[in-house]
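One structure is given below, encoded as structure tokens.
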Amino acid sequence: MAKVSFIFVAIALITGNVLCQTDATYAVSSSAPGYKIDGHVRKTEAGLHIPLTLNSRGNKKTGIDTFGKTIKDITVDVEYETEERLHVKISDKAKKQYLVPDSPLGFERPQIKHYVSPKHSNLDFQYTAKPFSFKVVRKDDKTTIFDTTNMPLVFEDQYLELSTKVPEDANIYGIGEVTAPFRRTHNVTTLWARDNPDDFYRNIYGAHPYYQEVRDGKAHGALLMNAHGMDVITTEGRITYKVIGGILDFYFFAPKSGKPNDLSIAYTDLIGKPMMPSHWMLGWHHCRYGYPNIDKVETVKRKYKEANIPLQTVWVDIDYMEETKDFTFDKVNFPQDRMIGLGEQLHKDGQNYVVMVDPAISANTTYEPYVRGTEMDVWIKNADGSDFIGSVWPGFTTFPDWWHPNATKYWNKEIIDFVDMLGVDGLWIDMNEPASFCLGSCGSGKVDAGNQPYRWTYTEEEQAANHTRWEKELKAMGNPPGEERNLLYPKYAINNGAGNLSEFTVATTALHYGNIPHYDIHNLYGHAESHITRQALIKHKNKIRPFVLTRSSFPGSGKSVGHWTGDNHSFWPYLKNSIANILNFQMFGVSYSGADVCGFNSDTTEELCTRWMEIGAFYPFARNHNNNAAKDQEPYLWESTAEASRIAINTRYEMLPYFYTLFEESNRLGLGVWRPLIFEYPAYEELVSNDVQTLVGSDILLSPVLDEGKTSVKAQFPGGQWYDWYTHELTVDNKSNKKVKTVTLDAPLTHIPIHIRGGAIIPTKTPKYTVGETFATPYNLVIALDKKGQASGRLYIDDGESLEVKSSSGYHFHLQEWSPQGFWQVWLQEGRKDWLHHHYWQARQQVAKGSRWQEDYQIDPWQE
């Protein structure tokens with residue numbers, strides 16, 4: 001049966017920004033000659049080496065050099081890396097095509113000492129000689145999970161194309177970053193990092209060429225490790241990759257269990273496990289772009305307290321800077337001593353402090369960060385070797401080249417000196433796609449020109465004239481020496497929302513260290529900055545977990561940073577779609593992620609902000625943030641919003657031990673903190689498109705109101721017992737293991753329905769105003785019994801901040817043989833074993849030797 005996303009209601013009417021692709025966008029290159037095996041297929045230690053050459057068509061040139069120079073000789077290397085992961089690399093024999101760097105600034109490839117034998121792998125690689133095609137088959141049920149049969153293989157220097165068959169109406173998830181339904185249907189997803197508000201279906205800040213499919217209750221996944229721009233077309237019966245460079249470097253994943261959560265473990269085994277946040281990072285955050293002065297920031301902090309709405313972290317946007325230059329202070333509105341004093345007061349009050357830093361550095365010879373960077377020669381270059389100078393908030397700017405040998409030393413000094421002086425607890429790195437407000441090196445020869453009018457302040461005619469001039473200058477600059485590719489205007493034009501590739505970013509002809517064109521490395525820029533910034537903070541304080549939040553990301557970014565979904569809008573569809581956006585990043589291995597609560601652009605309303613605070617309080621990263629052009633939206637401004645915020649944030653704080661335990665599991669295993677229902681219950685066909693509810697872990701179900709004017713919500717419940725979090729009453733008893741039960745739940749304006757799964761034990765605390773105060777209270781256990789009268793749960797405890805944890809406890813609880821069925825709370829007296837006395841309903845602590853969580857276990861709770 002056809003499945004329709006819950007997300008879209010009049011999206012195009014609201015945003016006016018749905019792309020219209022042509023039939024050619026969706027078509028495959030049917031005239032391409034393809035390839036055939038040429039020579040001996042050789043078995044290797046890892047698997048297979050297959051030499052290919054272009055199929056001969058005599059004198060016919062049809063399908064040759066269509067979008068670039070056709071590469072005649074290519075190879076296929078098949079590597080059985082683990083029992084659940086298969087690596088298939090299709091590359092040019094001459095090894096001239098650009099690969100993602102094997103480094104923390106790209107993709108750290110696994111160092112495999114012993115490959116598995118094909119017979120022990122859960123994935124089978126099958127191929128056809130002429131025309132060459134291949135299949136990847138999951139062995140346990142003989143399901144073909146990737147199939148290129150009768151699909152063209154195109155391998156040109158600036159165009160790669162490969163397609164796989166998928167079932168009609170397949171359940172595909174992932175491929176981003178894009179604002180779209182969680183389940184991907186008939187559309188084109190473009191991967192080219194771009195500074196732009198979250199337009200539906202258009203490419204935005206990051207690039208994640210990874211998808212998961214759930215088919216017949218089992219999950220598998222595929223990653224294309226390629227940082228070039230690409231279109232990924234999902235259409236009926238097919239997924240097609242159209243890539244403008246590099247190689248086809250695929251990783252396929254098929255966990256033996258078939259469980260989507262085990263697929264997340266397998267994927268993050270490759271790209272890296274998500275970073276572990278400190279306690280304070282799990283609290284409520286507040287920010288605004290456009291606070292006029294520090295008095296206003298301090299007033300917001302005070303009014304949160306007066307309204308008794310918990311506030312853990314105060315953020316300051318670029319407003320604090322002098323002329324929006326990094327590492328400076330507005331002497332009038334945000335003087336340095338007041339900014340330092342704000343941090344000191346926050347820390348005294350048990351709160352935290354984060355500020356923004358952008359990568360673009362003002363090109364001004366009186367500005368020390370620019371002078372030092374110029375002396376160290378760390379800037380991205382033009383094709384002629386001069387510094388590339390774009391335009392961002394402070395006017396004409398240079399951009400650090402993260403791949404330059406001096407870049408780490410340069411950034412370390414700037415970051416460490418600044419953080420040490422200001423006393424902030426973390427950094428927010430924005431505009432790192434990288435963003436530029438002009439086309440090309442528009443500031444060449446204009447160092448010391450100072451602030452420039454922003455492009456949107458010009459009339460349309462003036463903007464067009466400026467663009468014409470910039471484009472003429474960019475073309476005149478030409479390609480880097482020896483470069484034969486068309487870097488500015490490749491013949492295959494991906495569906496970049498900005499138009500040409502160099503629009504509003506660093507020009508594709510600009511050069512990074514080693515003469516690498518930006519064309520080849522663009523999608524890695526924010527990812528590289530994330531790693532270097534994290535390492536700078538570790539160098540500053542090497543015992544404390546660093547905090548970095550990034551806008552642009554790539555597979556593996558979650559090891560270093562968290563992510564917010566960027567400049568969304570204060571419209572109901574964006575509230576609704578925030579769930580899908582966050583679920584995507586859970587799947588991408590960035591578990592510390594969230595959206596701007598109440599919306600960033602445009603004016604929110606009391607009802608919208610109230611409903612957004614209710615679900616936003618449970619985002620893995622939870623922050624209210626809005627734009628300087630929008631009206632105020634602090635949650636204390638409306639009575640209903642304040643009441644809903646107090647309830648929701650206090651409920652989150654009550655659950656902080658549960659959240660923290662989930663983040664530890666994410667850091668150790670790679671599981672998401674938020675989880676889509678279909679990933680926990682893959683046998684339930686009715687859940688495949690549900691992106692309006694979410695699970696927190698496996699045990700807490702959130703069913704928010706996401707539509708204007710509604711005071712109830714239709715919620716889907718999988719099999720089992722589901723208890724109301726607030727009343728402890730049994731809400732749903734679903735005896736089916738394949739069919740959901742849909743229930744209409746009352747949800748007045750200040751209420752978000754929350755349910756706990758029967759069979760779960762949730763560790764909790766008594767909520768206080770700050771995270772520190774909350775964690776200082778005794779632990780409680782909230783127990784919801786299943787139909788057998790049993791329940792289990794887990795609690796992870798450490799000091800809440802150490803980078804290298806030297807002492808931690810892992811507790812696993814199990815309650816059994818208790819009747820009648822019900823809902824109970826159990827008191828935990830920390831550090832003692834007598835709380836497990838039979839008086840507390842025969843609760844038993846299970847320390848299962850050899851279990852996965854046991855790896856972090858160092859303190860035996862049974863010891864005196």
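Note that the numbers count up from 1, one per residue, in the order the chain is shown.
Every residue gets a Cβ built from N, Cα and C, even glycine.
Copied over from Swiss-Prot:
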ACT_SITE  Asp430  active site, nucleophile
ACT_SITE  Glu433  active site
ACT_SITE  Asp567  active site, proton donor
CARBOHYD  Asn187  N-linked glycosylation site
CARBOHYD  Asn364  N-linked glycosylation site
CARBOHYD  Asn406  N-linked glycosylation site
CARBOHYD  Asn466  N-linked glycosylation site
CARBOHYD  Asn500  N-linked glycosylation site
CARBOHYD  Asn568  N-linked glycosylation site
CARBOHYD  Asn734  N-linked glycosylation site
SIGNAL    1-22  signal peptide
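Location within the structure of each feature annotated in Swiss-Prot.
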{"residue": "Asn187", "record": "N-linked glycosylation site", "DSSP class": "strand"}
{"residue": "Asn364", "record": "N-linked glycosylation site", "DSSP class": "coil"}
{"residue": "Asn406", "record": "N-linked glycosylation site", "DSSP class": "coil"}
{"residue": "Asp430", "record": "active site, nucleophile", "DSSP class": "coil"}
{"residue": "Asn466", "record": "N-linked glycosylation site", "DSSP class": "helix"}
{"residue": "Asn500", "record": "N-linked glycosylation site", "DSSP class": "coil"}
{"residue": "Asp567", "record": "active site, proton donor", "DSSP class": "coil"}
{"residue": "Asn734", "record": "N-linked glycosylation site", "DSSP class": "strand"}
Nearest of the glycosylation sites to Glu433 (active site) by CA-CA distance, picking from Asn406, Asn466, Asn500? Asn500
With the cut-off set at 10 Å between Cβ atoms, which of these glycosylation sites ends up with the most neighbours? Options: Asn187, Asn500, Asn568. Asn568
Could you check which of the glycosylation sites Asn187, Asn466, Asn500 is the closest Cα neighbour of Asn568 (N-linked glycosylation site)? Asn187
For the residue listed as 'active site, nucleophile', which residues of its chain lie six or more apart in sequence with Cβ-Cβ distance below 8 Å? Met356, Val357, Asp358, Arg551
Please report the distance from the Cα of Asp567 (active site, proton donor) to the Cα of Asn500 (N-linked glycosylation site), rounded to the nearest angstrom. 22
Given the glycosylation sites Asn187, Asn364, Asn406, Asn466, Asn500, find the one whose Cα is closest in space to the Cα of Asn734 (N-linked glycosylation site). Asn187
Could you check the glycosylation sites Asn364, Asn406, Asn466, Asn734 and say which one's CB has the most other CB atoms within 10 Å? Asn364
Let's check the environment of the residue listed as 'active site, proton donor': how many other CB atoms sit within 10 Å of its CB? 22
Between C-alpha atoms, which of these glycosylation sites comes nearest to Asn364 (N-linked glycosylation site): Asn187, Asn406, Asn466, Asn500? Asn406
For Glu433 (active site), the number of other Cβ atoms found within 10 Å of its own Cβ: 26
Based on Cα distances to Asn187 (N-linked glycosylation site), point out the closest of the glycosylation sites Asn406, Asn466, Asn500. Asn500
